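Colleague: Annotated active site, nucleophile per TrEMBL: B:T197, in sequence order. Annotation source TrEMBL lists substrate binding site at B:T160, B:K186, B:T197, B:E284, B:N407, B:S412.
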Number of protein chains: 2
Amino acid sequence: MAGPSPVSPLAPDHFASLPAVPGIRLAAGAAGIRYPGRTDVMVIELAAGTAAAGVFTRSLTAAAPVRWDRQVIASGRARAVVVNSGNANAFTGADGERVVARTARVAADTLGCAAEEVLVASTGVVGELLPVERLVAVLPLLFDSVSGDAWADAAQAIMTTDTYPKAATRQVLIGGVPVTINGIAKGAGMIAPDMATMLAFLATDAALPPVLLQELLSEAVARSFNAITIDGDTSTNDTALLFATGAAAHPPVNTADDPRLEDFRTGLAQVAAELAQMIVRDGEGATRFVTITVTGAETDQAAKRLACTVANSPLVKTAIAGADPNWGRIVAALGRAGERIDADALTIRIGGTLVAAHGGPVPAYDEAPVAAHMQGRTIDIAIDAGIGFGAATVWTCDLTHGYIDINADYRS
Amino acid sequence: MAGPSPVSPLAPDHFASLPAVPGIRLAAGAAGIRYPGRTDVMVIELAAGTAAAGVFTRSLTAAAPVRWDRQVIASGRARAVVVNSGNANAFTGADGERVVARTARVAADTLGCAAEEVLVASTGVVGELLPVERLVAVLPLLFDSVSGDAWADAAQAIMTTDTYPKAATRQVLIGGVPVTINGIAKGAGMIAPDMATMLAFLATDAALPPVLLQELLSEAVARSFNAITIDGDTSTNDTALLFATGAAAHPPVNTADDPRLEDFRTGLAQVAAELAQMIVRDGEGATRFVTITVTGAETDQAAKRLACTVANSPLVKTAIAGADPNWGRIVAALGRAGERIDADALTIRIGGTLVAAHGGPVPAYDEAPVAAHMQGRTIDIAIDAGIGFGAATVWTCDLTHGYIDINADYRS
């Protein structure tokens with residue numbers, strides 16, 4: 001293993017300080033899952049009655065913990081989360097199922113709840129059996145040492161190839177009563193040699209029924225964790241969980257269209273988007289953060305597919321790495337996205353400057369501001385497909401030698 | 001511009017020597033389209049009565065020459081081809097249409113045919129107007145110097161970032177009468193800074209009606225040029241043309257299921273596959289040639305999509321670059337391909353060795369032959385999806401620092 005990578009040049013300039021969320025306590029420790037002495041386990045204890053929602057990878061080869069968690073989340077309630085790095089427990093067959101069940105069992109026995117109330121998340125190498133006894137050996141001590149102030153430790157503990165911890169928080173009002181929304185996440189490239197996956201854990205002291213919580217989470221994820229792409233690869237373990245402990249004494253809110261939820265919805269969207277953008281900013285080898293906005297598509301879904309095709313194009317990503325305003329590559333990516341566009345009405349703006357319109361380049365556009373924009377850390381590409389009213393925003397990063405360095409290394 | 005790149009380590013060890021095809025004459029020259037003194041134009045003169053078929057990019061932002069050629073091919077006949085590099089004449093609006101019309105007009109006047117019998121193909125920078133007068137100025141001299149023996153010159157002339165010329169030939173029998181099938185192609189990464197696109201020109205002296213010719217070409221392209229991927233990017237200009245001059249005196253053959261066509265069909269498939277594989281072997285930065293075979297999918301189409309998702313995965317491609325038999329990344333790619341797989345019945349073989357089966361790794365498989373295979377130039381990955389009888393083979397290459405070097409350079 002190489003030493004720790006230098007912090008991404010796109011890292012935020014400070015780490016958000018997360019307040020406690022009543023009903024949530026966390027702890028982190030080292031179980032030696034893959035490497036001795038490395039922090040590789042994080043646990044969350046959830047107060048009795050906590051509502052739980054989750055969004056998971058759509059992969060057909062989803063890992064054992066994802067399949068377990070889907071069942072837990074279906075009940076809408078959870079009492080604990082056990083997260084490990086170093087081993088994804090993915091493509092591990094029936095043995096992998098037993099590892100998850102055993103982990104949940106030990107956590108449940110420790111806390112005095114049901115195994116079916118324990119969520120499990122794993123990240124790491126695919127196709128190797130997780131040494132579960134090492135994992136469960138540390139659980140009693142960890143659950144004994146949980147604290148409401150351990151968010152920074154927790155964010156640090158779930159890092160794998162991440163070069164900085166990712167955390168975000170908002171205080172919002174529900175019916176005039178303040179509630180907190182905290183989130184931590186890990187990311188970097190997907191299914192990287194030793195570590196994989198996007199994991200996000202969000203928590204609030206709001207009192208929201210599980211069905212409503214799920215609706216709010218799904219909505220937020222669609223415009224955050226599902227609107228980012230580093231290399232187009234989706235992990236077997238991607239997981240975003242949201243917990244609502246109900247400790248806050250706000251008036252009851254039971255439907256998604258309740259206007260008193262607006263501030264919460266906005267805050268949740270912001271926490272999720274901030275974490276998602278931090279993941280992109282820590283993409284393997286990333287040197288530029290890219291926002292791709294598509295408007296004028298047939299539907300929002302079409303807009304997202306167009307934006308993702310541009311975002312995942314190796315030629316667009318390498319052009320951005322080279323500070324090259326090569327909009328021809330953007331046109332080519334749009335043309336193969338499989339969504340309707342009007343080539344004659346299509347417009348492309350880079351850093352706000354219109355570079356292509358009316359089926360061709362904008363005659364004699366001023367290249368100086370575009371060139372200056374491309375040299376920056378933050379690149380904005382705005383596309384109008386000229387067809388309809390569908391819109392979407394996707395965040396990505398450039399494709400550099402750093403990505404190859406990280407991913408073409410020998411696994412062992 | 002940097003100097004010429006060293007020849008790909010995956011290049012064939014010799015250049016095929018192409019015989020003349022009665023009815024086909026070619027020539028190459030320099031028009032200064034983008035750089036002075038560089039060979040950038042190639043022309044083909046086709047004997048009167050030549051049948052023509054074509055398969056083109058599916059891009060919705062297809063370049064002007066592609067749109068023109070679709071009309072010509074619809075007639076089933078052609079008398080000439082004009083090919084230029086240095087400028088793709090793509091996303092150039094109405095001006096681009098005029099460039100193509102003018103090119104065809106001058107070629108037609110030179111040869112004494114109709115403009116609608118002239119095919120045009122372009123490769124190069126997108127979104128810049130092609131300096132058509134420079135192009136047409138050289139056409140009379142080029143058409144005056146065409147020769148049946150100029151296949152090697154022609155293959156050389158259409159190279160852009162290609163590091164070696166691509167040519168293949170077969171002699172086959174139709175009803176006992178020998179006919180020749182020649183082909184030349186250019187490839188490398190798609191929409192690269194100065195040059196773009198897969199172009200292939202195939203010709204035979206067989207006498208085949210246009211509808212049948214089109215059927216045979218479409219069939220061959222599906223398993224050759226449409227079964228390769230370097231970076232998943234499709235060009236605005238991709239074009240494969242097949243000409244049949246009818247000079248050979250074989251018995252008439254008019255339907256695709258005529259058994260006398262079997263040898264021709266096999267030969268055409270081989271020429272196309274050989275050229276397609278040469279394109280992959282010259283992929284930007286490629287150091288390993290990868291064959292991905294998927295069986296057991298729901299349909300052939302599903303198999304192809306599964307194979308392409310694996311082939312285009314940056315994580316799979318970088319693992320191959322690093323000689324890492326990281327089949328976990330293959331599992332992850334299969335899981336997100338959007339096609340049915342049976343995770344418990346799925347098998348993965350690398351270099352013939354079974355590494356994954358029954359929903360997990362093969363216990364204690366011998367890693368030595370797999371590691372040795374991964375160190376080679378030619379990598380074989382065989383996947384069975386465990387669902388049905390659909391099968392497909394796709395060829396690709398690894399993703400290396402060389403790709404980034406080539407594509408992250410400044411355009412100008």
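Glycine is no exception: its Cβ is also placed from the backbone N, Cα and C atoms.
Curation does not apply to TrEMBL; its annotations are automatic.
Note that the structure is a prediction, hence the values are computed from the model and not measured.
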Colleague: Mind telling me which of the recorded positions B:T197, B:N407 has the densest Cβ neighbourhood, counting other Cβ atoms within 10 Å?
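Modeller: Of the recorded positions B:T197, B:N407, the highest Cβ count within 10 Å belongs to B:T197.
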Colleague: Looking at the recorded positions B:T160, B:K186, B:T197, B:E284, B:N407, which ones have a CB within reach of chain A, meaning under 8 Å Cβ to CB?
Modeller: B:N407
Colleague: Validating a neighbour-count step here. Other CB atoms within 10 A of the CB of B:K186 (substrate binding site): how many?
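Modeller: There are 30 such Cβ atoms around B:K186 (substrate binding site).
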Colleague: Give me the count of other Cβ atoms within 10 A of the Cβ belonging to B:T160 (substrate binding site).
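Modeller: Around the Cβ of B:T160 (substrate binding site), 21 other Cβ atoms lie within 10 Å.
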Colleague: Is B:T160 (substrate binding site) helix, strand or coil when read with DSSP?
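Modeller: DSSP assigns B:T160 (substrate binding site) to coil.
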Colleague: Out of B:K186, B:E284, B:N407, give those binding-site residues positioned within 10 angstroms of B:T197 (active site, nucleophile), comparing C-alpha atoms, in sequence order.
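Modeller: Checking Cα-Cα distances against B:T197 (active site, nucleophile), the binding-site residues within 10 Å turn out to be B:K186.
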